[in-house]
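Annotated features, as they stand in TrEMBL:
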| type | residues | note |
| --- | --- | --- |
| TRANSMEM | 26-45 | transmembrane segment |
| DOMAIN | 39-288 | domain 'G-protein coupled receptors family 1 profile' |
| TRANSMEM | 96-118 | transmembrane segment |
| TRANSMEM | 130-156 | transmembrane segment |
| TRANSMEM | 195-217 | transmembrane segment |
| TRANSMEM | 238-258 | transmembrane segment |
| TRANSMEM | 270-290 | transmembrane segment |
Amino acid sequence: MSNSSSITQFLLLAFADTRELQLLHFWLFLGIYLASLLANGLIITTIACDHHLHTPMYFFLLNLSLLDLGSISTTVPKSMANSLWDSRTISYTGCAAQIFFVFFLCGVEYSLLTIMSYDRYVAICKPLHYGILLGSRACIHMAAAAWGAGFLNALLHTANTFVLPLCQGNAVDQFFCEVPQILKLSCSHSYHREAGLVVFTACLFFGCFVFIVVSYVQIFRVVLRIPSEQGKYKAFSTCLPHLAVFFLFISTGLIAYLKPPSISSPSLNLVVSFLYSVVPPALNPLIYSFRNQQLKDAAWKLV
């Protein structure tokens, strides 16, 4: 029986066993990763360089792109390297860093999506008060609160997870280090504090979820009163993809962290974690940014 003091590395779950499938996984992830880097990097550069885009909506989009860059860079490169070199190992420190940054960046992104729904609510439902409710100082304070809350949340979860004695080996049933998989390695009944913290965090996220749903209900009520069919189509085509990516992000994240062990399996774990950790950073530039004509025009000018 090993304990946490003697563990120096963990073994991650491989996407494939055969060499050909490992290389296929490497090239697939490399394509997704480079596309995400290019798209999010272009958005960040465009918004930073074009003073016409220095507005609350684009300020939050810039923050979202920074988060997506960090999020996909936390999990994908290590998984790619393991497939390329036919390895499964990750160091103890590297595993702790992955858990910290996954919680940090996903927590901030969830808070930011909540703020962005409020931004859209004010813009559509209270346009005359937009400059007052979302001035530059208010936007900076909201963004700082999101980053600060994400940092504290990640610090708590990482500390609570890695003070646990680990007595069930070092094999992690996931392609990156994830709290539920580390808890499976802990000694019996020693994980209840961290499990309780996960449930508490899920309750806070549910509060944000309710806020987002209420915001979009109010937005749709206003949109349905628009006499122009073209105006309705434009509003719905903007809001519905946002909601689709958001529901994918939150539903798969909740399944990953709250599903009972009885329905857990390596293949299900891989699919669910891929959907919340890799898909949103790759899709967010298309859904939130490149459907915006003003941002597209600014990006073309920059290129």
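These residue numbers are counts, starting from 1, taken along the chain as shown.
Backbone N, Cα and C define each Cβ position, glycine as well.
Annotations in TrEMBL come from automatic prediction, not curation.
Residues of the same chain lying 6 or more positions beyond the ends of the transmembrane segment (238-258) and with a Cβ under 8 Å from any Cβ of it are 106, 109-110, 113, 116-117, 120, 178-180, 198-199, 202, 205, 209, 212, 216, 219-220, 223, 269, 272-273, 275-276, 279-280, 283-284, 287-288, 291. The stretch in 130-156, 195-217, 270-290 that contributes the largest number of Cβ pairs under 8 Å to the transmembrane segment (26-45) is 270-290.
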